[in-house]
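The following features are taken from TrEMBL:
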| type | residues | note |
| --- | --- | --- |
| BINDING | GLY47, GLU48, SER49, ARG109, ILE143, ARG144 | L-glutamine binding site |
| ACT_SITE | CYS79 | active site, nucleophile |
| ACT_SITE | HIS203 | active site, charge relay system |
| ACT_SITE | GLU205 | active site, charge relay system |
Amino acid sequence: MAFVGVLALQGSFNEHIAALRRLGVKGVEIRKPEQLETVASLIIPGGESTTMAKLAEYHNLFPALREFVKMGKPVWGTCAGLIFLANKATGQKIGGQELIGGLDCTVHRNFFGSQIRSFEAELAVPELAAKEGGPEVFRGVFIRAPAILDVGPEVKVLADYLVPSNEALDSNSAVEAQEENTGSEKKVIVAVRQRNLLATAFHPELTADTRWHSYFLKMATETGEEASSSIVAVGADLNLDQQPKIDLPIFQ
């Protein structure tokens, strides 16, 4: 029986596991390449993306993570997880960082600026509401958040955000926003899906609204996985090697 994996190198993995639990689903912490063989879907949480990349490299996780994506298994990246899944990232620290790739987009790391520029915003989410019910908007929590600047033809945009012209952004990120935005606001993409990949620039796990988690769980069926083998009820025993948790800064 497979489980819903949550990459647990650093960041808000506990919050994702708690959200899954509220839906009656068991999440399992993933820290080793071989543990990916026990799960049929994976969440890559928000965190400090450079630190997460260094830890993933140290544990030799990148080859297994790329293979997981190539196999068509559902993967959801939130905030730093979005950066991991992107084919291209800009605004990185000196030396850059390794990416998993697979998501045909360009993402700007820390598009919205530093920690003090973190914010919450109401996002229009018509597809999420159509599939999961509830209101037509979702309260997005943006913490040192990235943004998607452009996407390929196979990528479906699920939510975007209008950045006010007077809102300070990181470095030249405003200039790098979509070329067609010519008014007083810049529109950037903050949620997308491409086949088995889901990505959000914000943190659904930090809210009480579990619709994004429910949406992701259903992707297992939509991408050819059997729903009964991709989740396990809370309370089931897990016999995976546990690694000490790493106490590092949470957000990307």
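Quick reminder: no glycine exception, Cβ is built from N, Cα and C everywhere.
Because TrEMBL annotations are produced automatically, they should be read as predictions rather than curated entries.
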Across all protein chains shown, the one of the recorded positions GLU48, GLU205 with the most other Cβ atoms within 10 Å of its Cβ is GLU205
Cα nearest ARG144 (L-glutamine binding site) among active-site residues (CYS79, HIS203, GLU205) -> CYS79
Rounding to whole Å, the Cα atoms of HIS203 (active site, charge relay system) and the residue listed as 'active site, nucleophile' are apart by 7
Checking the recorded positions GLY47, SER49, ILE143, ARG144, HIS203 for other Cβ atoms within 10 Å of each Cβ, the smallest tally belongs to ILE143
Students should find that the Cα atoms of the residue listed as 'active site, nucleophile' and SER49 (L-glutamine binding site) sit apart, in Å rounded to an integer, by 9
Expressed in angstrom and rounded to a whole number, the L-glutamine site built from GLY47, GLU48, SER49, ARG109, ILE143, ARG144 spans a maximum Cα-Cα distance of 12
